[in-house]
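Heads up, the thing below is written out as structure tokens.
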Amino acid sequence: MAATISVHQKVSCSVRSNAPLRVRNAPHSIKCARASVLRSKTLNLGRSRTAGTVTTGRGVLSISCAATADSPPADEETFEYQAEVTRLMDLIVNSLYSSKEIFLRELVSNASDALDKVRFESLTSSDEVGDTSNIEIKIKCDAEAKTLVIEDNGIGMTKEELVDSLGTIARSGTAKFMEALKERNEDSNLIGQFGVGFYSSFLVADKVTVASKSYKEDGTWQWESAMGTSSYTIREAEDPLERGTRITLYLKEEAEEFATPSRITGLVKTYSEFISFPIKVWSSESVPKQVIDEEATKKAKEEAAAKAEEGAEPEEVADIMKTEYDEVWDWQTQNDSAPIWVRSAKDVTTEEYATFYKSAFKEFMDPAAQTHFSVEGDIEFKSILFVPGMAPFEQQDMMRPKNIKLYVKRVFISDEFDDDLMPRYLSFVKGVVDCADLPLNVSREILQESRTVRIMRKRLVRKSLDMLDDLARAEDKEPYKQFFENFGRNLKLGIIEDEPNRKALSKLLRFNTSKRDVTSLEEYVADMPESQTTIYYLAAGSKDAALNAPFMEGFKKRDLEVIFLTEPIDEVAITNLGKFADKDLVDITKEDVDFGDDAEKEEEEAREKEYEGLTTWMKETLGEKVEKVVLSKRLGDSPCMLVTSKFGWSANMERIMTAQAMGDSKSLEYMKGRKIMEINPDSPIIQSLKDKCSAPDDQSAQICTLLFDTALLTSGFVVEEPSEFASRIFTLMNTAAGTESKVSGEGADGVVEPEVMGKDDDAWA
């Protein structure tokens, strides 16, 4: 304890022997001594001395001290926390667990720990422990008595251990046993750790009795307690055990379902199917047997006798048998399935994987792929992951899946942790994860955020992507093609959401192109000509629409391959990807697409000057509808098209975003790309307008506006004023037919107004 010296005329302090001294509040004459005091660091007064001196350059500093211990002041008292046991039990029973059925998982896990303990003890004390060759867990229901009995022939408990383990809430006998094992450098597969799992019995029971016999003493002791009380009793049991523990639950009225073997069997298969010890349930099964069908045999004999009376030779009629079923009650083992994830991957066959997958996830098709691995190091866990052979029938099954089954030491914990262990885009992956180091809450129903969870998630994602990569690179391409049809959108979502794994995900993408049906980005880059430096793509509603778009004319002419994005998520994913193999991904519906034709630049510049008057006039005619009008180097037959600025939405994205049910029309205006009109100088229509633009008339302006409207349609935009567009079409048709536009009701602005038919004009009258 460091002492602080408050210095005035006389220095006094409370200091422990050999404690460093610090000076504060000293007058100037004393401050000069502070450096010397602190340099000496310690004023050794001894245990009996109360005063001392420090010699400084300015004189002698006298210090009187009262040596004290580290004990608290005399007026300070220490209190122990108190707990209202009844309230605490109520919290444990009704607040920790969300489902009543969890009680069986907890009690079976405790029984499994008891069997593990007796197996460990038998290694060093086999004579005292006794026979451990047939250790097992038995569960028996009694619907009439409304009881449920869980019995094991494990380690058992002495009277003292009953008091310590069951009489002390949150004390875990398993945790204590594990500490002893650690001191002996031995490993275990014990499950319990919190010391409250046993009290989940009161979720379904009004009263619980525990009879237990330890190999350490002769007697069998019975512990008993009831819900709503703060006490328990212990006495010698009337029905002694050889070794082990028997728990009897006296079920509540609302929990009588747990007194039926079928319900218990289902829970065992759900939560404890892979416990390493046999779990037997007292249940019935229908056993077939062959018996004589008296009625059928009698009838057959009568028919044979009738034929004999008619003169036919008598026939010997054999007894006719029928199958009847006897209900036989016996101990039925419920956990025959082996946890294949604890085995080495090289020892498990493809058929075993498929069988396990169908059984665990209620599927009827084999998985498309699987990966089996174990992770060791700071965190240890084993896992098997599967890629389903088909997509779920219901869309909501993909959005809220229960595909990752979490186990702790072979005990099923939950399938509600998908969001914690897998990102959203890999929600289709099914599998099991068995880890002993998970940071679960006491009820084992909440997975707490921690470094352990983050590491597990990272490893699971990496293994999933490796599994998909192996499937994609297999010689048989059909399985991956089928997979991508089912789950390709998930991978594109991953491109958007998972930046660290974007590179790996990009290799798994597949697209249609202008030259082939399905290809990867790697194959596209490998087939690019040397002069091509970028990857071209076009977003459209379908492959046919993309092929016929005016944007494709220049690429067809140059024999360049273009990737088609035909799903709504495609363009967002590719925009987030940005590059692949150090090559930019370029949208051919945007401005300034470069073909790398440097030799044609001089000719293009000359043409731009030639058509400068036309482009200027068209921009003035169209006004704010377009940002500018330029000559196109990618049009072939079409007279014009509309492209967008580099940093705005394309026509396809604008159409998708406008169709959103919850879209904000005001904010959409900020994201729309500026429209740029590209005209084809080789088109007869453009050449005709070029001749007229020096002295334009109304017809030239109408043609210019009509070109803009048609370009909207062919470029994927929506015509905002369809009635005016229709009017211009009708005017053009009238002109082509050699007639003047004289339509009744035509307004001064050229818009055709609808004609209202009266009753007298009814054509159907």
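Keep in mind that glycine also has a Cβ here, set from the backbone N, Cα and C atoms.
Quick look at what TrEMBL annotates:
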type	residues	note
BINDING	Glu106, Asn110, Asp152, Met157, Ser172, Gly173, Gln193, Phe194, Gly195, Val196, Gly197, Phe198, Thr245, Arg444	ATP binding site
COMPBIAS	756-765	compositional bias 'Basic and acidic residues'
DOMAIN	99-255	domain 'Histidine kinase/HSP90-like ATPase'
REGION	741-765	region 'Disordered'
Mind giving me a neighbour count for Gly197 (ATP binding site)? Other Cβ atoms within 10 Å of its Cβ, every protein chain shown. 27
Roughly where does the domain 'Histidine kinase/HSP90-like ATPase' (99-255) sit in mean pLDDT, to the nearest integer? 82
Around Thr245 (ATP binding site), how many other C-beta atoms are within 10 angstroms of its C-beta? 25
